[in-house]
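Below: the structure, in structure tokens.
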């Protein structure tokens, strides 16, 4: 009798175990199918009632995988049509400044599942030859995206090129414009460092920074030196304000983006009217590289190229002091126009 009860018990356990395994396999298959279907949902539905700190891993994984294949040209027109993918003109542009952190900003914003970035600098509005090719040429340089996503490109030369504000205005007078700035003297030295490295790779000689930044005849700051001119932010911004109201600009603190990126990215999310999705999970400090790297999901991480974060050459302290004194009144005006104050000396 006892033996029969034990046999019946084993049979019941076996049946229950089989049902449990079957249910688990069904759920795994169901999740897989949902992963394939959910990214086509509208943005509001997809972002739903999630908490601010939750990472939409499925959306990120789907976007990195499928859209990457389209960027490589591995898709037919029929596949593009079926997935409802388009090449959209940008709804926001990082217009500058050079050596302010434009690449870092673009890559970090690309963490957001509603953002799709143009991988290369297009140089459409600042290059007469490219501009003559027309707006459709520009559109076809954009990545594939879903209609609800925001395409963003960055070309730092836009900020300082005279013709660009009017050209962008003619394309889209309501476009959102992002400017990332660093302390002007530091930015000028970083600009010089990049050019210096290029010269050294070609075994060419180059002047010291001090000789370029200071006019030897007057011993004053050389405003003809491009690295100095670019750091006079207010002069360039005033030209843009002839076409766009200040509300269409967002100023990003490039120095803070290096040391404390998340608050800066959250401000940009708000400016672009995006639901908050980038969290501390997506950013981790790489002690070897000396700056923050990006975490898209549990598998895929990314650091900026090794050319970022170059070591600056030593510059005479008297030249640094002279430059900071020169930039000071321009900085004050920049604070006044933008409504944002930085801790620049």
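Each residue, glycine too, has its Cβ placed from N, Cα and C.
Over in TrEMBL, the protein carries these features:
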type: TRANSMEM; residues: 12-29; note: transmembrane segment
type: DOMAIN; residues: 90-334; note: domain 'Sulfotransferase'
type: BINDING; residues: 99, 100, 101, 102, 103, 182, 190, 292, 308, 309, 310, 311, 312; note: 3'-phosphoadenylyl sulfate binding site
type: ACT_SITE; residues: 99; note: active site, for sulfotransferase activity
type: DISULFID; residues: 293-303; note: disulfide bond
* Structure fact -> Confidence over the domain 'Sulfotransferase' (90-334), expressed as mean pLDDT on the 0 to 100 scale, is 94
* Sorry to bug you, but what's the C-alpha spacing from residue 293 (disulfide bond) to residue 310 (3'-phosphoadenylyl sulfate binding site), rounded to the closest Å? => 16
* To do: Would you kindly give the Cα-Cα distance separating residue 293 (disulfide bond) and residue 103 (3'-phosphoadenylyl sulfate binding site), rounded to the nearest Å?
  => 12
* **Cα separation, residue 303 (disulfide bond) to residue 312 (3'-phosphoadenylyl sulfate binding site) (Å, whole number)** => 20
* Asked: Given the binding-site residues 99, 101, 190, which lie close to residue 293 (disulfide bond), meaning Cα to Cα within 10 A?
  -> none
* Asked: Reported as an integer number of Å, what is the Cα distance between residue 303 (disulfide bond) and residue 101 (3'-phosphoadenylyl sulfate binding site)?
  -> 14
* If you skip the near sequence neighbours and keep only those at least six away, which residues in the chain come within under 8 angstroms of residue 99 (3'-phosphoadenylyl sulfate binding site), Cβ to Cβ? -> 156, 182, 187, 190, 191, 194
* Asked: If you count Cβ atoms within 10 Å of the Cβ of residue 101 (3'-phosphoadenylyl sulfate binding site), leaving out that atom itself, what do you get?
  -> 27
* Structure fact -> Around the Cβ of residue 293 (disulfide bond), other Cβ atoms found within 10 Å total 16
* Asked: Among the recorded positions listed here, 190, 303, 310, whose Cβ has the fewest other Cβ atoms inside 10 Å?
  -> 310
* Asked: For the binding-site residues listed here (103, 312), which one has the lowest count of neighbouring CB atoms within 10 Å of its own CB?
  -> 312
